[in-house]
Ligand SMILES: CC(C)(COP(=O)(O)OP(=O)(O)OC[C@H]1O[C@@H](n2cnc3c(N)ncnc32)[C@H](O)[C@@H]1OP(=O)(O)O)[C@@H](O)C(=O)NCCC(=O)NCCS
């Protein structure tokens, strides 16, 4: 199976925060943000694997700044690590200043997706070839994060 670089499957998704996405104070709902993060991450995982994917795990998610109705948010999703059938995706969320185009990081999350075959069973995916220093660092750390996740999962069962 031919491998790919993280940039080959990277996804950029832009959303305009509308009143229906917000609470009574006009701040973006956390659940709506989580939905967008999941979708952006899933699209990157689908692009890498060319398969249907399911979310196996979402690591903790910090909300650093309130996001207001009328603001533009940009999500950047990039694969950081792959196993045999699972993929770790890092999703960064930025608020975009409409006047200057400046991006401010507001959220970062790591999600794990598993590729499934036609019968809904985990199926092998192509290897990932990190290129930049950051991608190489992410890949090494991804292995550690995965071990920590699986240890947590075992402890919960
Ligand atoms: C995710 C799922 C397919 C894994 O099934 P499983 O029977 O545990 O399969 P396996 O044990 O073969 O694991 C498959 C891969 O998932 C990884 N995995 C499973 N659970 C994981 C977790 N909690 N965190 C990280 N990776 C996980 C395994 O390490 C393995 O990775 P690898 O092939 O790269 O080594 C299954 O648990 C599932 O369908 N869950 C529901 C998913 C879903 O509906 N999500 C959306 C609603 S929230």
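Yeah, the Cβs are placed from backbone N, Cα and C, and that goes for glycine too.
Per TrEMBL, the features are as follows:
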| type | residues | note |
| --- | --- | --- |
| DOMAIN | 7-119 | domain 'HotDog ACOT-type' |
| REGION | 121-157 | region 'Disordered' |
| COMPBIAS | 134-147 | compositional bias 'Basic and acidic residues' |
| COMPBIAS | 148-157 | compositional bias 'Basic residues' |
Discussion item. Considering every residue in the domain 'HotDog ACOT-type' (7-119), what is the mean pLDDT value?
Written reply: 96
Discussion item. Do any residues, 6 or more residues outside the compositional bias 'Basic and acidic residues' (134-147), come within under 8 Å Cβ-to-Cβ of it, and if so which ones?
Written reply: 5-6, 59, 78, 80-81, 83, 86, 88, 90, 110, 112, 128
Worksheet item: In the compositional bias 'Basic residues' (148-157), how many residues does DSSP call helix, how many strand, and how many coil?
Response: 9 helix, 0 strand, 1 coil
Discussion item. Please count the residues of the domain 'HotDog ACOT-type' (7-119) that DSSP assigns to helix (H, G, I), strand (E, B) and coil.
Written reply: 26 helix, 53 strand, 34 coil
